[in-house]
Each structure stands twice: as structure tokens, then as C-alpha cells.
Amino acid sequence: MENWSLVSICVLFGLTARWAVSLNSYSGAGKPPMFGDYEAQRHWQEVTYNLPVHEWYFNTTDNNLNYWGLDYPPLTAYHSLLCAHVAKLINPDWVELHASRGHESYGHKLFMRATVLVADLLIYIPAVVLYSFYLSEGSNKKKVCTVLCILLYPGLILIDYGHFQYNSISLGLALWGVVVLGLGWDVLGSLAFVLSLNYKQMELYHSLPFFCYLLGKCFKQGLAGRGLFLLVKIAVTVLVTFALCWLPFLSDPGQILQVVHRLFPVGRGLFEDKVANTWCSLNVLIKIKTILSTDTQLYISLTTTLLAILPSSIKLLMKPTLWQFKLALVNSSLAFFLFSFQVHEKSILLPALPVCLLLNDLPLPAIWFLQASTFSMLPLFLKDGLLVPYVVTSLAFLFFSIYLLSALEHCSEDKLRLGPYRRLLICMPRMDLGRVTKWKFYFSITAMAGLSFMSVALAPPAQLPDLFPLLVSVFSYLHFLGLLLYFNIVQIAEPPQSVRKNQKKSN
């Protein structure tokens, strides 16, 4: 009972942080004609409420796709429709066709913020609590601390409650998939992940680990017996769930093709803005978007992404344990972020979710990544007027996570799983890799603070107007690339004996 009281306090603290951020500005506030993501979410409610389903993804006189046209899968549209019905009951002006475009009022802002909070309470937060208590090791006190640290991750709070999106729904459904798979309910896990994929197509970042984990379990049980039965059950679950989600569009192949076209807009290019991935960083030296055709960019990004996720996926297929599954989720989603086509800066939330699941196992690398992921979105936060929330939530996350998880006290080579690095550096002078990692962390956090200050306080040179966003992007990219290598080495190398024992216990 005492533990659940502490969990309730942690949840309340997390909700308070979220609501405090929501009192600030949001994407595109008072900036016509397009406004921002807040208006996009409101506009989708307007469209889904007033137009028939077959017009939701098509350009018509009542649905201008150039003005925040729907570009997410059907579950997002159904969620918008549900919110629209509630909005209509409160104030019909909020979803009136055409007349509501660009609507801004305090009451509507309160309503929209509340919809995100409800989604968190119903989907994301329960999954965090269940994961921390049933699938993480340690004392109950440590599990409570893990709940608080995950809920205080600033990247998700600032994007969903500041910038304004509903990432907690797709990420929450994916996390439900991890939880129920970890508890041995493979069919329910498949169902949860398919729902997350049908809410946001970016959940493809997590799709290969789910596939390899489940297929590996089927192989392990034997495809001539129980494994085949499990494979059939999972396949039927996936197909039926997809069919139900897409049911209104299945009668017309043209509808299906149009929705798919909206979900994967190849014409937008290799990357947008100053995203901290390989192609944006490389574009500083080689103007990839200029010298290569779109088709060539697409093929190169597809090939490099597949090569980057292949080692992790093969390892998971051969050894489908929960530990391998979590690391594969990190490595797959981070590889997609770094190498795939059409990446947004907000897509870093996809690798951030599985990294949150490693806070208990690898506290310092996980905290380091999560803070770097938040920092990588700094230009977006400054554009939305979220400087103060960015600073406060980042400091709160760093303080509580480092203190509660004793991150700086668990910096030995064994705790950080640096044994493979020691073998790779056999010809180098003997160094304490744990201490080196700790000092690199100190330097990294100091540099992030310095770049954050310069981005706010200094004016860039006239000939380099994007200097600070570019520095933030490249600096973050170097972190992500290094951590991708680290997490791959940790996954592919055999874990210490204590980790193997924990795996047997949880599986």
C-alpha cells in the first residue's frame, strides 16, 4: 500500500509538471496563415467531424490538403473525431467547418491541453507504472524512482504539452506492447503494437524488433508444433486488427492508395529543418539534397538504415529475451532516426521511449541520451517560446534521475557494460573507462548548457543565420551516433552473469 501511495505521488508530480508546461505558448500561436501543430490537431477535428470518411485524405473544396491535411493513419483520424464530438458539445465554434480555421481562445486551449492529459492518464502513464513494477529489477523504492524519472523525461513533456502533439498515445500503445510481451502475452502485445502503428506510421521505427522478437519466440518453440500455432495466432491478430482499423477505406482501392500516399510523402525530401541525423549533418559538407535525385536519396537512406539495424535484429532473432528486445528497440529506432528518409526532429522521441526502459539497467547512458535528445530539439522549443519550460524540466530531470538512480555512482566498467570496449582498446594505454565516461558526461552537459545559452543570448553572424541551430544539430548527432555504437555493442556482446539471471527470472 505504501508503494502505491508513493507511485500516486510520482504520477501527481509528473502530471503537475505536464500541466505547468501546458500553461505556456504552443506551436504557431498567433502566427497566421498556417499557425502550427496546435492548429493542425484542431483542424483534423474540424475535418473529421464535418466531412464523410471518404473525403478525409482527399483534396476537395472543403478539405484543402495544403492546409494541414491529414497525414497520419486512421486511428489518429478516429481520435480526432472523438475529440471533435466532445468539442462540439462544449463549443460548436471550435469545429465549425471553415469558420473555425485558426481559432484561438483560452477555453479552447484548456480543452486541447486536457485531451493530451487524458490520453496520458489512460494510456501512457499506466504502461510506465506497470513496466517499472513488473519488468524492471530492484527494490520497490528503486521501481518508484524509475516511474518518476520516466514521467519527468522533458522531451515528451515539452513536445506534447508545449509544442502540442499526442505522441503519448502511440508511444504509450507501443509501451503496452512491450509490457504485455514481457509478461508473456504475445497476442495482446501484437495487438497493442499494431494499434500504435495505426496511430502513427513512425512506429515503423520499432516494428522490426517486435517482428524479430515474436518470430524468434516462434522458432524457439518449434515451427512444427507450438511455435507454428503461436505464429498463426499472431498473424491472424495482426491482419484482423489492421482490417478493423482500415475498414472504412477497404471498399475502394483508391482510398487505400491515397491514405498510403498521405502517410509517406516522399516529395518532402530527405530531411526537414536542422534535424540531428546523418544526412543533415553530412549536408553541411556535401549538399546531398542538391546533387542527388530524390530517388537516389531514398535508395541510399533505405540501404544504410537496413544495414544499421541488421546486426541488432539478427541477434534478437537468435536470442529473443526481454533484455535483447529492449536494446533492439533502441538500436532499431535510433538507426531509423539517423539514417532513414524524411526524418523530423521530433522523431527522436521514438528511440527515447526504449531508452527510458533502460534507466534502471544503464542509468548514466540512458540519462545522457535522454538529455541529448531534449537538447537536440532546442531550436524548435525556442521557436515556440518554451525556453523557460525547457530549462526547468531539463534541470529537474537531470537532478532527480542522477540522484534517485545513483547514476554517477554506477560508473564502473562492469556497470556500464564496457568490457567489449576494453577488448577493442587492447593496444591503448590502460585507462579507467568508467571514469573517462563520467568526465565525458560532465563535458557534454556543460557544452549543452553553453550552446543553449549562446542560442538565446548571442546573435549569429549575418552570413550564418542558422549557425546555432546547426551547432545544436551536429553536436546532438555526434552523441546519437556514439550511443548507437555503444548500445549495439552492449546488445551484441554477452551480458554479465547478473543480467542473464535477471533475464531468466523475468522470462
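Note that the numbers count up from 1, one per residue, in the order the chain is shown.
Each Cβ is built from the backbone N, Cα and C atoms, and glycine gets one as well.
Automatic prediction, not curation, is the source of TrEMBL annotations.
Per TrEMBL, the features are:
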{"type": "SIGNAL", "residues": "1-22", "note": "signal peptide"}
{"type": "TRANSMEM", "residues": "110-132", "note": "transmembrane segment"}
{"type": "TRANSMEM", "residues": "144-161", "note": "transmembrane segment"}
{"type": "TRANSMEM", "residues": "173-197", "note": "transmembrane segment"}
{"type": "TRANSMEM", "residues": "227-249", "note": "transmembrane segment"}
{"type": "TRANSMEM", "residues": "322-341", "note": "transmembrane segment"}
{"type": "TRANSMEM", "residues": "348-370", "note": "transmembrane segment"}
{"type": "TRANSMEM", "residues": "390-408", "note": "transmembrane segment"}
{"type": "TRANSMEM", "residues": "441-461", "note": "transmembrane segment"}
{"type": "TRANSMEM", "residues": "467-487", "note": "transmembrane segment"}
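Below 8 A, the CB atoms of the transmembrane segment (173-197) and the transmembrane segment (390-408) form no more than two pairs separated by six or more positions in the chain, fewer than 3 in all. Within the same chain, residues 17, 21, 142, 145-146, 148-149, 152-154, 157-158, 359-360, 363-364, 367, 370-371, 374-375, 378, 381, 438, 445, 452 sit at least 6 positions outside the transmembrane segment (390-408) and bring their C-beta atoms closer than 8 Å to a C-beta of that stretch. Contacts between the transmembrane segment (322-341) and the transmembrane segment (110-132): absent, as fewer than 3 C-beta pairs lie under 8 angstroms at sequence separation of six or more.
Contact counts against the transmembrane segment (348-370), taken as Cβ pairs under 8 Å, peak for 144-161 among the stretches 110-132, 144-161, 467-487.
Residues 273-278, 280-281, 284, 308, 327, 330-331, 334-335, 337-338, 348, 351, 365, 368-369, 372-373, 375-376, 378-379, 444, 447-448, 451, 454-455, 458, 460-461 of the same chain lie 6+ residues outside the transmembrane segment (467-487) yet bring a C-beta within less than 8 angstroms of a C-beta in it.
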